[in-house]
Amino acid sequence: MDQQKVNLLNYNYSQLRELLMAWDEKPFRAQQLFQWIHQVGIRDFAQMTNLGKVLRNKLSQLACIDLPEIVACQKSADGTHKWLLKLECGNCIETVFIPEANRGTLCVSSQVGCALNCSFCSTAKQGFNRNLSTAEIIGQVWLAARELSDNNGAHDKKITNVVMMGMGEPLLNFDNVVSAMSIMMDDLAYGLSKRRVTLSTSGVLPEMERLREVSPVALAVSLHAPTDELRNELVPINKKYPLSQLISLCKRYFKDEPRRKVTFEYVMLKGVNDQPEHASQLIKLLHNVPAKVNLIPFNPFPLTQYQRSSRETIDAFRDKLIKHGINTITRKTRGDDIDAACGQLAGEVKDKTTRSQRWQKLHFMSKTDKSTELTISSEEIA
């Protein structure tokens, strides 16, 4: 990116309006420009024909619309797409699109790597490098929308839902994530409702409180254990924000919207958190919580110590929760043949802690060996 130019993808609508006014332009120009960028998907200011030649020239001199670079794309047998995106700094992140009969869900990353070190998560093994900018977050949506439209026809596959469940802990990149989500929900951009944008967190309580006030999107909590002792091992941030505090906040999170529920994600690990006593503990923990539970079959990755629970064990766990009145489903595993399933996103992170060099090499080789559709550069796609 030209260091003298501002990347307009970093601006939500209100910020873009202020920017144009600072450049002595009429406020209504922000709406036109915003729609060109996000609804039409145009990056070339010369093609924005209703802006006027003087403004187009000014934008060319002062601004740019810079995106991550698509360096690889994989497509699963089930239709799931995974893109490897290279950032300006040289790191890579991953973005996944999951098509279903009546919806298309895009899984978006918020950080390069992750600092929380959850023991069952592939991204955690990469270490942490930095937060993504608003442009790098919303750029994933922009690129996916264009790729799906270009390759499948304008109406074949469409993004109807976004989940902030990719690489990183979204609430540790609060301002940029909230700004990007505001663009996703803006009718002048992608027009998603607040119920169709979901943020997943491991439980960063102060930022959960802030999120509740400023951006009431759907909330998913990475729970994964029914006791502090076990969750301390699986999700180490629990040592700072224990279950009693987390559940207390979840009980009141949607107090003004009693029909909304918090989704609790629970990865099923063989012999670790999947036994009948764990189900009983979870039932007790979620008593009087407006909750629904997603049971997630564990997705293995290189060097992991964990195994996936059997289908029979998962079904028995689910049935016990349902019997006690907890809305529970088992998440269908999608894209695991291309390492796009939950917990498998890894990208390529220049880890400042250098903890992951050996793991990265093994992970890359396993992905290369398994993939039958590891593709091509963005230029070849275009």
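Cβ atoms are placed via backbone N, Cα and C, with glycine included.
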### Query
Among SER193, SER200, SER244, SER248, which residue does Swiss-Prot annotate as binding S-adenosyl-L-methionine together with GLY168, GLU169, SER222, LEU223, HIS224, ASN299?
SER200
#### Entry: Surrounding CB atoms that lie within 10 Å of the CB of SER222 (S-adenosyl-L-methionine binding site), all protein chains
26
### Task
For ASN299 (S-adenosyl-L-methionine binding site) and CYS107 (disulfide bond), determine the Cα separation and express it in whole Å.
16
#### Entry: Average model confidence [pLDDT] within the domain 'Radical SAM core' (100-339)
93
